[in-house]
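A short worksheet on the structure shown next.
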Number of protein chains: 2
Amino acid sequence: MSEPLRLGIAGLGTVGVGVVRIIRQQAALLEARLGRKITISAVSARSKDRDRGVSLSGYDWENDPIKLATRDDIDVFVELMGGEDGPAKDATEAALKAGKQVVTANKAMLAIHGAELAELAENNGLVLRYEAAVAGGIPVIKTLTEGLAGNQISRVMGVMNGSCNFILTRMENSGKTYEEIFAEADGLGYLEADPQLDVGGIDAAHKLALLAAIAFGTRPDFAGIQLEGIERVSIDDIRAAADMGYKIKLLGVAQKTGRGLEQRMQPCLVPDTSPLGQLDGGTNMVVIEGDAVGQIVLRGPGAGEGPTASAVMSDICDIARGWRGPVFGQPVASLQSAVAATSQRPAAYYLRMTLVDKPGAMAKIATVLGDAGVSINRMRQYEHTDTNAPVLIVTHKTDRASLDRALCAMGTTGVLAAEPVALRIEEV
Amino acid sequence: MSEPLRLGIAGLGTVGVGVVRIIRQQAALLEARLGRKITISAVSARSKDRDRGVSLSGYDWENDPIKLATRDDIDVFVELMGGEDGPAKDATEAALKAGKQVVTANKAMLAIHGAELAELAENNGLVLRYEAAVAGGIPVIKTLTEGLAGNQISRVMGVMNGSCNFILTRMENSGKTYEEIFAEADGLGYLEADPQLDVGGIDAAHKLALLAAIAFGTRPDFAGIQLEGIERVSIDDIRAAADMGYKIKLLGVAQKTGRGLEQRMQPCLVPDTSPLGQLDGGTNMVVIEGDAVGQIVLRGPGAGEGPTASAVMSDICDIARGWRGPVFGQPVASLQSAVAATSQRPAAYYLRMTLVDKPGAMAKIATVLGDAGVSINRMRQYEHTDTNAPVLIVTHKTDRASLDRALCAMGTTGVLAAEPVALRIEEV
């Protein structure tokens with residue numbers, strides 16, 4: 001294996017430039033580690049003339065990524081264009097059909113079309129690798145697929161969108177509203193061109209779908225994810241949760257249940273002393289639980305040029321070393337179709353209510369909860385000057401159906417001054 | 001690759017039994033993931049009759065591990081006997097000479113003989129894998145060797161001996177002395193037969209030597225490690241450090257400097273709010289810093305049947321999938337010989353002194369520090385009933401030589417009622 005490994009890189013945004021930079025600056029280190037050179041035969045991007053701060057001299061330029069993907073002088077097609085469909089998917093398919101190994105950072109494409117692309121790769125005896133698609137620089141795909149291959153995985157969860165975690169922690173530290181911090185993050189360029197991908201939880205859900213597929217041997221099932229973004233997380237809830245010893249995180253959780261695969265991406269409360277609770281700013285964290293290993297926690301930068309390029313390089317180096325392996329942890333033909341299941345497992349919930357301040361109001365709420373079989377673990381009513389009383393409740397473990405019955409019945413009591421807020425408290 | 005991968009397992013202690021259990025209980029899962037069966041041809045251990053709570057029926061028994069290692073009907077020799085030399089090393093060499101892949105959990109053997117064993121493996125086109133040798137269930141060898149292969153590593157550090165971390169955290173939580181908690185840990189069976197391996201930092205240093213080799217492309221250099229155990233960490237220091245916002249950890253740090261490879265395994269102070277500072281009990285944590293990725297933190301169980309067996313299985317599964325790779329991250333022939341360097345980089349230090357309570361005592365200490373060029377960042381003198389005054393100082397960054405000059409000069413002031421304690425504060 002002494003010939004160079006020849007790359008064709010499509011997409012020269014932050015990540016693509018980062019990969020080019022590493023290959024140029026760490027050439028000697030890479031050759032020492034891999035026993036062969038990594039070379040770039042050609043690149044492709046939307047604009048040829050843009051100054052990207054890195055020299056592209058010595059690389060052929062292709063305007064058409066499909067042309068690039070099928071060149072005779074590349075061994076690996078590196079897809080860094082992004083996008084669920086369109087050029088990224090067309091070029092990836094063309095590369096696999098042309099017998100090229102593929103490395104991609106494209107979580108959307110894999111979350112939606114992962115199984116079919118994996119079939120194409122495996123039928124052609126090729127690898128399709130995507131370490132950079134999940135949690136940036138954290139080698140979580142490798143950890144789950146290889147490092148924990150001897151484990152029956154019971155749960156995978158994590159904070160996998162740095163922008164959302166930045167917004168939530170900035171809200172907590174500054175006391176500002178969601179709208180204010182959203183504008184700040186947008187101004188800092190922390191958000192995708194379509195911010196819904198971030199704050200709507202879609203980007204993080206793409207990642208969760210990939211982790212769940214590997215963990216539980218199912219085809220990626222993005223559509224089966226119970227998805228809720230952070231747009232409705234208020235500074236009041238962040239303050240109240242902190243007062244009760246919790247942090248609010250956009251938490252992705254995947255779990256195999258008797259009735260199917262449970263995948264949730266939603267704002268949850270976690271204890272402020274837990275590793276997840278202590279995760280501030282743009283950092284990502286993935287927690288993996290297996291029958292043999294117990295709990296493994298991985299923490300690191302979830303985005304940015306260096307971290308994401310580092311993950312892409314991990315895949316490239318594996319291919320250079322001759323690594324072959326299934327795309328989703330086992331041959332794609334043996335993956336089950338995921339049966340989406342909503343969580344039936346009891347959980348504790350955080351409730352925040354605003355009650356009209358009149359005698360018996362609290363009693364009505366307590367009665368309604370009791371009637372629905374929801375018992376109260378902790379309750380706080382805050383001093384208040386206006387006519388409405390803010391009330392917090394942490395319930396004992398209850399199933400969601402009972403809680404929903406209670407929430408519905410509350411609406412009929414006439415003591416609610418506003419829509420109650422209910423958030424799941426995830427056991428971590 | 002549809003024939004079974006046939007194992008010979010030498011050593012049926014906790015870890016060996018754990019591996020046998022996983023292979024028996026997860027046979028279907030492993031076959032689905034690997035596309036082939038994992039089978040055990042034969043096993044070997046000191047006592048054949050001991051009841052290990054797992055059936056060994058269907059496995060041949062070998063009294064001689066070398067016989068086991070060279071059997072025609074095994075593809076992989078799994079060395080779980082332990083020990084730096086003796087049967088473990090003899091059998092490992094025999095296996096490699098007989099063309100068998102080797103998986104081991106033996107940190108001592110690799111820290112001392114790793115380079116020569118790697119040469120033997122690579123010259124025979126075989127792999128020698130040891131995920132279980134470092135930090136138990138945490139896939140840190142894989143992360144460093146493969147997941148971060150595109151990075152120039154600047155620092156690797158971690159808490160890699162669960163027993164020491166258990167003792168230190170128990171001391172803090174209980175207020176008991178080192179001797180009391182040592183006895184408690186020993187009674188719980190948390191310590192090696194030779195406790196010095198744990199509390200002397202030797203076991204953790206073996207692990208550090210392996211991480212440093214991979215991170216910096218050097219031959220493992222256990223002898224070059226600046227080694228200090230936890231025996232001299234007093235409850236007074238744990239209390240005082242906590243009062244200043246720090247935790248005391250047995251921290252391993254490896255760093256490449258201009259003058260060579262710096263490897264330290266010693267009690268250090270870390271901020272109590274940092275991931276390392278919040279690591280309680282037997283859990284392990286490894287922190288890896290690379291030029292592209294930034295900082296990655298891995299946390300998980302560092303010992304025990306399940307976690308360690310999980311790591312052994314990771315190596316076995318990689319071999320089953322056809323993974324080949326260098327033992328220490330690059331071909332062993334290209335590894336440099338490590339040049340041991342002691343830390344010249346300035347660091348802040350924690351000083352605890354007991355001063356005879358007479359006028360001018362504190363002034364003498366302050367003068368001595370100033371004369372040595374060591375400046376004080378924070379200082380505390382505690383109220384005291386006896387004639388001696390406990391004094392804490394956190395210095396600004398200083399080089400160790402200046403600090404040593406100051407400590408030496410203090411001895412001549414006649415105001416010290418006891419030997420001063422000086423501990424490095426590691427920036428994490």
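Glycine too: its Cβ is placed from the backbone N, Cα and C atoms.
Other Cβ atoms within 10 Å of the Cβ of A:K207 (active site, proton donor) number 27 in total over all chains. Feature annotation from TrEMBL assigns active site, proton donor to A:K207.
Annotation note: A:K107 (NADPH binding site) sits in a helical segment as assigned by DSSP. Residues or ranges marked as NADPH binding site by TrEMBL: A:K107.
Take the CB of A:E192 (L-homoserine binding site) and look out to 10 A: across all protein chains shown you find 16 other CB atoms. Under the heading L-homoserine binding site, TrEMBL lists A:E192.
Counting residues of the domain 'ACT' (A:350-428) by DSSP class, helix then strand then coil, yields 22 helix, 28 strand, 29 coil. The domain 'ACT' annotation in TrEMBL covers A:350-428.
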In this predicted model, the domain 'ACT' (A:350-428) has a mean pLDDT of 92
Cβ density check for A:K107 (NADPH binding site), other Cβ within 10 Å (all protein chains) comes to 29
The rounded CA-CA distance in Å from A:E192 (L-homoserine binding site) to A:K207 (active site, proton donor) is 15
Integer Å value for the Cα distance linking A:K107 (NADPH binding site) with A:K207 (active site, proton donor) is 6
What DSSP gives for A:E192 (L-homoserine binding site), in three states, is coil
